[in-house]
């Protein structure tokens, strides 16, 4: 049976058709991101990857020999600072997570992940008074358009509130109508329902949202209300633990370096700092393209481009598949290579 689910955060609907998950597949099957990344990383080592320590960037500058994290201005920014004759102003930065090009957050130690969180917060603190929106995000894997396999994310800060975030202001109306915070109501419901939870600890929760579009889409939410990324304090350690567990489960699902786009949705900044944004809840979203295996992805086409999103795998099925994955990374599972 097909049915629709409502996304109150964006005021949108999604069509769910579980029967379609069993349909025969004779469409595109691509190389897994693990296969592609291994080739790219090995090739880049001889040509000085610009994101790696000592690499030469497009503008001729040499990347310093950093040992932990490193941030630099994007050489090809979508937004520019300065007095230019443009409508959209801002900054674009590259955030290197680690000096090793073959590393990923799923394989990092917890203190390395905490350093990344610290850097996110530092960047946020630096820019929040100058720009209305700060988007921290990562495109991981060539399947989602990543141009460099070195572990990194990006930050785009703009002097305007983007379209998606403007829609999210609908949660302000929800609070005005009910006196409650929309995503905290979602947290309470998911804790009671349990079936869409992937990982949780005392401070954080990972769910496959009721309205998820992508097959293995997840959302990270605080269990106690936090509006802004730079309001994270004692919750940082448990956030690092949660991130590692989630990313290991992603990799274990199809035994690959799992591709995704992800981003933090913090409360608006800039002139919005003078307004009441207590209706906003800090959250992160992970949007992976994979559907059935490391080589078969979901395509947004046809009905979904023309009408509304549609998914085959139910959010509950996706959450169960992720939840049952080991918290030990498959590459470190020594039992597979032990003699019988």
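Residue numbering: from 1, along the chain as shown.
Placed from the backbone N, Cα and C atoms, the Cβ positions cover glycine too.
The domain 'Galactose-1-phosphate uridyl transferase N-terminal' annotation in TrEMBL covers 3-162. Feature annotation from TrEMBL assigns region 'Disordered' to 25-58, 318-340. The annotation compositional bias 'Low complexity' is assigned in TrEMBL to 38-49. Residues or ranges marked as active site, tele-UMP-histidine intermediate in TrEMBL: 152. Per TrEMBL, domain 'Galactose-1-phosphate uridyl transferase C-terminal' is recorded for 171-332. For 321-334, the entry in TrEMBL reads compositional bias 'Basic and acidic residues'.
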Compile a sequence-ordered list of residues in the same chain as residue 152 (active site, tele-UMP-histidine intermediate), six or more apart from it, whose Cβ lies below 8 A from its Cβ; state 'none' when nothing qualifies.
51, 94, 95, 96, 97, 138
Under DSSP, the compositional bias 'Basic and acidic residues' (321-334) has how many residues in helix, strand and coil?
7 helix, 0 strand, 7 coil
